[in-house]
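K.L.:
There's a structure below that I have some questions on.
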């Protein structure tokens, strides 16, 4: 009979196992999976070799970070699959499943007398309702699904819910990596004009002519950013900074002045320093941090999933809050330029030669320029979450599913996420690329790859030598003590010289 043995399908309701699956199907499916995996691996390998040959080490390290994230996601998927049987034996009371639902429970079916029927597979119904799915659970007829049912309880999570959950985590990670790369590309495209400005400065060379004395208000940089003193002009400065991030956030005068301030503070003896190349290398190094998914981002993901409760409408605020933070970050970075202009205007009436600003960590929140990168990291992850969540729900459950929410809210959330992504790539990231250099220290991208590695290794070896106990006999003599003092001074001087690079 067609339904005999352990291969009941269709009417029998049992899943067909590998014992009764044709070998050619198993081999074909595995071959397709292996081929796709190998092609993807070779693509990443070739991309890594190309980045390595072109000496784009920061981007190469970012690619390695992507591989690490994919490996972590693969391990998460493996753990979910391995323990999906165990989760079916974690049973809870039905009343537990009535709280914090993303979708309201469907009404129980009625019998011929109009009374509610007893739902036999309550756990399956609950989780199908939670995820907005009308499909039958993959293991609805298996032993694991009956384990809790025989005890008048329900499993804590259905097999199909586990399957859809690890698909969502994978989609989220891929979306985060792709959108971060798109943001970097948009930011790099927006900064192409800066390269022309840098080339113009390099071509002009040193001006050895007489230094003219100008009134501070004659400088265009001051004219653009300084309008006066007092509380009224302070509010005007913040309003101007808020709106300026939407158009022409960095002008040629801004770039020239900020570049000169950086050069005069960190490499005064090298006026031909290529500030654009340094800034671009530093941005690539920061991208390596942004493309990763840190522990606090996973924690945010758990909070997002927890707050997705029907009737709370929390997701609209989760979309709006990062957008507001993005606008605040952009306004702050624009206002830093205003603060630099204000400081010069307050200290000087007239200036001989070029206008020079004074970079400082005090210009940033809590004196920490890296805090801006952390906020951008969180904003990009939240945008990736919102976009990945939307398309995941759209493909699996459809636009009108209850978990998707009201259409007006869905469209508003999606539009806010897209605007945030474009604004971050078009304005915020280019602003960060140059304003983050206005701190008190410079980054290791100041030097080329070989010098940076040499200094880092030197610092590490010196620290190790400083911590190692000395056992030589000569060390107890006055000469030995003198050698120790000299070595200690060298280590101290080296550490001070390399502290800025870390």
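Every residue gets a Cβ built from N, Cα and C, even glycine.
A TrEMBL annotation is a machine prediction, not a hand-curated record.
Residues or ranges marked as transmembrane segment by TrEMBL: 165-186, 290-307, 313-330, 371-399, 411-435.
Quick one: how deep are these features, and who are their neighbours?
P.N.:
Long-range contacts of the transmembrane segment (165-186) within its own chain (CB-CB distance under 8 A, at least 6 residues past either end) are made by residues 66, 69-70, 73, 76-77, 80-81, 283, 287, 290-291, 293, 301, 380-381, 383-385, 387-389, 391-392, 421-422, 424-426, 429.
Listed by sequence, the residues of this chain that lie at least six past the ends of the transmembrane segment (313-330) yet keep a Cβ under 8 A from its Cβ atoms are 242, 245, 249, 304, 307, 372, 375-376, 378-379, 382-383, 386, 405, 409, 412-413, 416-417, 419-420, 423-424, 427-428, 431.
For the transmembrane segment (371-399), same-chain residues at least 6 beyond its ends with a Cβ under 8 Å from one of its own Cβ atoms are 131-133, 164, 167-168, 171-172, 174-176, 179-180, 183, 286, 289-290, 293-294, 296-297, 300-301, 304, 315, 318-319, 322, 325-326, 329, 332-333, 364-365, 407, 410, 413-414, 416-418, 420-421, 424, 428-429, 432, 435-436.
Packing against the transmembrane segment (411-435) from elsewhere in the chain are residues 179, 182-187, 190-191, 194, 245-246, 249-250, 255, 258, 279-280, 282-283, 286, 315-316, 319-320, 322-323, 326, 329-330, 333-334, 336-337, 372-373, 376, 379-380, 383, 386-387, 390, 405: each is 6 or more residues past its ends and has a CB under 8 Å from a CB in it.
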